[in-house]
Amino acid sequence: MKRVLTALAATLPFAANAADAISGAVERQPTNWQAIIMFLIFVVFTLGITYWASKRVRSRNDYYTAGGNITGFQNGLAIAGDYMSAASFLGISALVFTSGYDGLIYSLGFLVGWPIILFLIAERLRNLGRYTFADVASYRLKQGPIRILSACGSLVVVALYLIAQMVGAGKLIELLFGLNYHIAVVLVGVLMMMYVLFGGMLATTWVQIIKAVLLLFGASFMAFMVMKHVGFSFNNLFSEAMAVHPKGVDIMKPGGLVKDPISALSLGLGLMFGTAGLPHILMRFFTVSDAREARKSVFYATGFMGYFYILTFIIGFGAIMLVGANPEYKDAAGHLIGGNNMAAVHLANAVGGNLFLGFISAVAFATILAVVAGLTLAGASAVSHDLYANVFKKGATEREELRVSKITVLILGVIAIILGVLFENQNIAFMVGLAFAIAASCNFPIILLSMYWSKLTTRGAMMGGWLGLITAVVLMILGPTIWVQILGHEKAIFPYEYPALFSISVAFLGIWFFSATDNSAEGARERELFRAQFIRSQTGFGVEQGRAH
């Protein structure tokens, strides 16, 4: 059990956050026709939305940002739909099912990055940028080098996420639907390409909104039924769970998963700053009309996500009571059928029968599609807008840029399917950890300092950004997950699971040192431009609004 918990501690914090990567052994379940029918209804409905959206996508603004006409409330729901993953739902509830109170600490830990986005990033990002966060980073710095660095940071994060998503999708669908792994991966890839290729940000937004509503409804119903079972008393919920759990009262004790304080701090920093550097999340702030709506987006999104993670805590304890103590959900060896990640799915059956089980299974699949669609659009915009239109072919027409974007969507989709098949039996949890570390070590420092530090120069941003990215990759390779578990060495060169504490420090120090020592005329000019940028970031004066965006 201790080894299982250690593995969960190493993989779930990141996998649950956004990757849908269901780690560990998966037992294929019998074909669930109710779930398949419900999922097909969702697919047909969302493809109808994609067709509707395709008729309204007439320009680059429409494709990248839905014309800037998404409201703060809608965008908040879409952000929540982009961020709340199937592994958040299944993984966190499984963590609570096995470890109790520690699951709450992890689930709430995913929210710590959102106050940073709310207070430091959202408004200025919207006022300074148009389509990608590279627009903000390059506002007063050299366009070419900064956009190349930002695009590389975005593409690496997107690529790592997509691989983890595709592998997680295949495993999850095998687990829930009883479908073949390869069929599942191809299905997700094709649907992902159709949503983004034809509907752009408008279709992606509505897929994410629908998914968020379905997931919040399903989780709310499960939590309500659990609380009804215990007379709406948390005291009864915890008492009954402690009475049937093998650990007894120990499930209410915190600190059982990450005992090393440096690892805990590094994990926390990675989650906090990584969230604020995810390209597919940052891109959503350009879909609203102004900074006020951007701020409202974060407010609503944080509320929806906070509510959802509290529900997963109730669901996890409900699973201890109604699933863990019921031999009907266990195999001959006494283990949960399908593994611990099936705890929430079994609970759906326990509280709502086969029909609700089919609904929850379909919702879990829908969450994957919503997340991969956002990732694909973020990757495509990094190539077409940042690299093609602003570096390699300046002055490209909107039509040319959109063509490159759609070609990139196809390429990303095919690559995601191929790598999803190739990585079927690999430990992909480290990819998500690495993606988070890169987002925190490369993207976040550049975004933050470009908006707030007047002495930042292109030299400092380039040196610090690349140092942060390379440090995160190297330390992850030398750490226990890759060096020992994957490459088979006896002892890790870098002793900690999570590199964020060190790679973020290297990035900020590098940016500070190389900017402070930059005495060039170009550096002086970039410092002088900060005042104009600051006024624009505060007022939004000069930024295109609404449909013009």
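Yeah, the Cβs are placed from backbone N, Cα and C, and that goes for glycine too.
The annotation transmembrane segment is assigned in Swiss-Prot to 33-53, 77-97, 103-123, 148-168, 183-203, 262-282, 303-323, 355-375, 404-424, 428-448, 464-484, 493-513 (among others).
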Stretch among 77-97, 404-424, 428-448, 464-484, 493-513 sharing the most Cβ pairs under 8 Å with the transmembrane segment (355-375): 77-97
Maximum Cβ pairs under 8 Å to the transmembrane segment (464-484) - stretch from the list 77-97, 148-168, 262-282: 148-168
Criterion met for the transmembrane segment (262-282) and the transmembrane segment (404-424) (at least three Cβ pairs under 8 Å): no
Surrounding residues of the transmembrane segment (33-53) on its own chain - C-beta under 8 Å, 6+ positions past either end: 176-177, 179, 191, 194-195, 198-200, 202-203, 206-207, 210, 214, 354-355, 357-359, 361-362, 365-366, 369
Tertiary contacts of the transmembrane segment (103-123) (same chain, 6+ residues out, Cβ under 8 Å): 12-13, 16-17, 83, 88, 92-93, 95-97, 254, 257, 267-268, 271-276, 281-282, 285, 291-292, 294-295, 297-299, 301-302, 305-306, 309-310, 312-313, 316, 447-448, 451-452, 537
Annotated stretches the transmembrane segment (428-448) and the transmembrane segment (148-168) touching (3 or more Cβ pairs under 8 Å): yes
Intrachain neighbours beyond the transmembrane segment (148-168), with Cβ under 8 angstroms and 6 or more residues off its ends: 15, 18-22, 86-87, 132-134, 137-138, 185, 188-189, 277-280, 368, 371-372, 375-376, 378-379, 382-383, 386-387, 391, 412, 415-417, 419-420, 423-424, 426, 428-429, 431-432, 434-435, 438-439, 442-443, 446, 461-462, 465-466, 469
Chain residues in Cβ proximity to the transmembrane segment (303-323) (below 8 Å; excluding those fewer than six residues from its ends, i.e. six or more beyond): 76-77, 80, 83-84, 88-89, 92-97, 100, 103-104, 107-108, 110-111, 114, 212, 215-216, 219-220, 222-223, 225-227, 229-230, 237-238, 240-241, 244-245, 251, 329, 336, 343-344, 346-347, 350-351
Same-chain residues at least 6 beyond the ends of the transmembrane segment (183-203) whose Cβ lies under 8 Å from its Cβ atoms: 43, 46-47, 49-51, 53-54, 56-57, 62-67, 165-167, 169-170, 172-174, 177, 287, 368-369, 372-373, 376-377, 380, 406, 409-410, 413-414, 416-417, 420-421
